[in-house]
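Peer 1: Shown below is the structure under consideration.
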Amino acid sequence: SMVSKAALRSRSTRTDAEPRSDLCVLMCICVCCVSRWKNWWIRGVLSLAMISGFFMIIYLGPIMLILVMTIQIKCFQEIIDIGYRVYHSYELPWFRTLSWYFLICVNYFFYGETLAEYFGALVQREDSLQFLVRYHRFISFIVYLAGFCMFVLSLVKKHYRLQFYMFAWTHVTLLIVVTQSHLVIQNLFEGMIWFIVPISIVICNDIMAYLFGFFFGRTPLIKLSPKKTWEGFIGGFFGTLVCGFILAYLLAQFQYFVCPVEYNSETNHFTAECEPSDVFVMHQYTLPFTVQNILTWKTVNLYPYQIHSVLLSTFASLIGPFGGFFASGFKRAFKIKDFADTIPGHGGIMDRFDCQYLMATFTHVYIASFISFSQFLKCNPSKNSLF
């Protein structure tokens, strides 16, 4: 009878425990769901706010130059601060001072190049600017050389290796952030459409991949980013193609977006007025025979830029995410979740621009290789025989 009583107690305990455990599991699922949807709403609202701010800046025109420099400085600060937090106990002499000094040096060089290339009329008018432009590269080299000498003088015997680590850290950051920011500005001067569309399709890809991954994601994509899924990656690809194609059609109709940005010395303002190039003139294309049978259309009217937008969107959705994977690997190496906590639900500025810099570089190379060069050959038919 003692054994039967113990068995009954054990059975009743299990019976009571089973509902409790089921209740705990249910509560955990509810908490996870609430947390997931809360994060979704935070990211959604702030994404809309950032997109609205982006279009407001577009409305203001080429003042976006200031935005590019502001973002560049913030991204540089976030990466340098990671190095400082990791190694601050060593009390490296002049590390932060020299990092910011080199940032100023490199910006002086790149913005000086931009001034000489795009503000020729202003330079002609100002004697002081003529001197700075004429000796710009020499001055830039001397300024950088001063920082180099300061670094050598700051070397401490017991920290040699670490100081050279941080010297390399600063220069790689400059290469990633400042050099590619300069390419963003170069794209802007080619026409605002080359600035707006690449940035917008990266944003679109990020949103589409997140939405498809949130609602349909099941299959992990890469270990560096456990939350990324194949469903989000593929859905983001097709969503980005559609977004890029439609946006290209909308913007290609306006001279304000397609004309190169130039500085008018008479009005002291930027202007975007020109005869649009063939890339932004509507063409009629004959569809392949198989497509004609499916769509029952023989021809279609498109802006050539829409075809270019498909290639840009393909890069943004298939290769662009590798910029994010690179950033994820970097953060995992230093055991941090985000570069900073500037934007709730999104992390730091660098967390939002890890793919944008890679996209800016591709856009610059694309323009030089397939747009500017083809226009050069069209204007100089005799050069065709050389290529």
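Placement of Cβ uses the backbone N, Cα and C atoms for every residue, glycine included.
Any TrEMBL annotation is an automated prediction that lacks curation.
Take a look at what TrEMBL says about it:
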TRANSMEM  49-71  transmembrane segment
TRANSMEM  92-111  transmembrane segment
TRANSMEM  138-156  transmembrane segment
TRANSMEM  163-185  transmembrane segment
TRANSMEM  191-217  transmembrane segment
TRANSMEM  229-252  transmembrane segment
TRANSMEM  305-327  transmembrane segment
TRANSMEM  357-377  transmembrane segment
Peer 1: Give residue numbers and ranges for long-range contacts of the transmembrane segment (92-111): same chain, 6 or more residues beyond its ends, CB-CB under 8 A.
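Peer 2: The answer is 69, 72-73, 76, 80, 83-84, 136-137, 139-140, 143-144, 147, 150-151, 154, 156, 159, 162-163, 166, 170-171, 173-174, 178-179, 181-182.
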Peer 1: As a test: from 138-156, 163-185, 191-217, 229-252, pick the stretch that has the greatest number of Cβ pairs under 8 Å with the transmembrane segment (305-327).
Peer 2: 229-252
Peer 1: For the transmembrane segment (138-156), could you work out the same-chain residues 6 or more beyond its ends whose Cβ comes under 8 Å from its Cβ atoms?
Peer 2: 92-94, 98, 101-102, 105-106, 108-109, 112, 132, 163, 167
Peer 1: Report, as numbers and ranges, which residues of the same chain sit near the transmembrane segment (229-252): CB under 8 Å and 6 or more residues beyond its ends.
Peer 2: 193, 196-197, 200-201, 204-214, 216-221, 258, 280, 302-303, 305-306, 308-310, 312-314, 316-318, 321
